[in-house]
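Feature list (source: TrEMBL):
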type	residues	note
ACT_SITE	325	active site, proton acceptor
BINDING	25, 26, 30, 171, 172, 173, 203, 325, 352	3-phosphoshikimate binding site
BINDING	25, 96, 124, 173, 356, 400, 425	phosphoenolpyruvate binding site
DOMAIN	13-433	domain 'Enolpyruvate transferase'
Ligand SMILES: O=C(O)C1=C[C@@H](OP(=O)(O)O)[C@@H](O)[C@H](O)C1
Ligand SMILES: C=C(OP(=O)(O)O)C(=O)O
């Protein structure tokens with residue numbers, strides 16, 4: 001039964017069927033901004049319709065960018081810089097992919113802006129990005145705590161010449177933000193724009209998404225390893241005319257998992273071997289755990305074991321730095337493994353929609369699981385059949401907590417998901433799609 005406050009999931013035994021992924025969040029928010037910065041009209045097809053893209057769309061419209069809805073999941077963006085509106089107060093919810101890139105773009109736009117979000121967004125760090133932009137001459141002030149939103153952005157005096165230095169250990173979105181915004185001043189610059197990464201860079205595959213999409217909008221970035229990125233002087237965005245957005249690979253992870261523990265086959269349409277998203281590597285994770293994966297160009301099929309009948313997946317001890325979002329799904333699969341599963345190098349979980357290491361640890365224990373965790377790792381022990389406890393799972397306003405814990409319904413107890421509506425951050429229809437694929 002569904003209420004707005006909770007969703008009761010009865011034990012399920014198997015899963016099979018077909019599903020179509022909603023558009024990729026990471027790609028949708030990048031191409032909305034790219035299309036807004038590229039002169040002329042861009043048709044975007046397959047756009048994600050969720051909280052994170054709605055705040056980006058609303059912000060762009062507030063900034064004077066004309067965006068017309070031309071069909072389902074389809075918009076036409078009339079781009080051009082600078083944006084027409086030079087003064088705006090923008091609310092960006094909890095969308096990192098809107099907040100970070102808009103901070104960089106608006107810092108170079110020559111207007112006066114205020115950027116804020118939900119309370120949790122004001123606890124998510126942005127200092128490394130602000131520091132890089134301020135060194136470049138941007139005028140950015142913290143309205144509350146130093147290092148965190150809300151931000152006030154003024155006109156600044158951007159000076160080129162030196163490399164822009166950014167740290168990448170807290171979030172790759174800071175580098176993505178600088179890269180996406182770089183053509184705003186590379187267009188007029190007489191020298192190439194150089195961005196250097198200081199120290200470790202996490203979540204690297206997301207940078208490849210950024211570079212790929214910038215190239216589709218006419219800007220070729222030269223990458224030297226993961227330390228130096230060069231945007232040629234004179235680079236400016238050109239509209240590709242039309243762009244098809246692929247399905248969301250992080251969302252695909254829940255359905256790959258469903259095939260792996262519910263027998264399958266689950267056929268996931270919208271992203272496959274041609275995907276530009278790093279989270280497609282979650283297919284390798286389920287494969288290593290014993291599932292059979294068939295990769296098509298734009299879809300993927302997963303068959304697996306029947307954990308409700310007592311079958312087991314193989315355990316793992318793995319570094320998940322490259323796929324931090326899909327990693328949460330792997331933590332759930334650990335319940336059905338043949339030994340303890342360790343997820344390493346996931347320190348960024350602490351600063352996402354919630355402290356995900358804490359949240360996962362706490363909620364898995366409510367189900368009866370034995371869990372250990374440290375600053376940047378978590379270990380989940382497989383569930384013994386007699387240990388399962390019916391539980392109400394807190395979701396901490398984190399869409400991935402809600403989507404992950406749906407996978408607990410393969411245990412023998414009822415699982416209640418609290419505030420299931422929080423899936424609207426990236427996949428408002430998640431639970432109806434999930435329920436259409438499972439059998440009691
Ligand atoms: O650039 C992106 O689209 C994203 C990068 C990742 O963040 P971090 O780089 O902060 O790990 C990821 O967790 C987030 O959901 C989307
Ligand atoms: C970390 C996430 O989101 P954001 O884009 O807000 O960083 C996520 O979707 O898991």
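Placed from the backbone N, Cα and C atoms, the Cβ positions cover glycine too.
Annotations in TrEMBL come from automatic prediction, not curation.
The structure, with features from TrEMBL marked on it.
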residue	record	DSSP (3 states)
30	3-phosphoshikimate binding site	helix
96	phosphoenolpyruvate binding site	helix
124	phosphoenolpyruvate binding site	coil
172	3-phosphoshikimate binding site	coil
203	3-phosphoshikimate binding site	coil
325	active site, proton acceptor	helix
352	3-phosphoshikimate binding site	coil
400	phosphoenolpyruvate binding site	helix
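When the CA atoms are compared, the recorded positions lying within 10 A of residue 96 (phosphoenolpyruvate binding site) are 352, out of the candidates 30, 203, 325, 352. Summarised as a single figure, the pLDDT of the domain 'Enolpyruvate transferase' (13-433) averages 97.
Taking 25, 124, 425 as the candidate binding-site residues, the subset whose CB lies under 6 angstroms from any atom of ligand 1 is empty.
Annotation for residue 124 (phosphoenolpyruvate binding site): spatial neighbours 94, 96, 99, 148, 149, 351, 352, criterion Cβ-Cβ under 8 Å with sequence separation of six or more. The 10 Å shell around the Cβ of residue 96 (phosphoenolpyruvate binding site) contains 24 further Cβ atoms across the protein chains shown.
For residue 356 (phosphoenolpyruvate binding site), other Cβ atoms within 10 Å of its Cβ number 25. Looking only at Cα atoms, residue 173 (phosphoenolpyruvate binding site) sits nearest to 203 among the recorded positions 25, 203, 325.
Taking residue 425 (phosphoenolpyruvate binding site) as the reference point, the binding-site residues whose C-alpha atoms are within 10 Å of its C-alpha, out of 25, 30, 172, are 25. Under 6 Å, Cβ to nearest atom of ligand 2: this is the test, and of the binding-site residues 124, 352, 400 it is passed by 352, 400. Each of the binding-site residues 172, 173, 203 was scored by the other Cβ atoms within 10 Å of its Cβ; the lowest score goes to 203.
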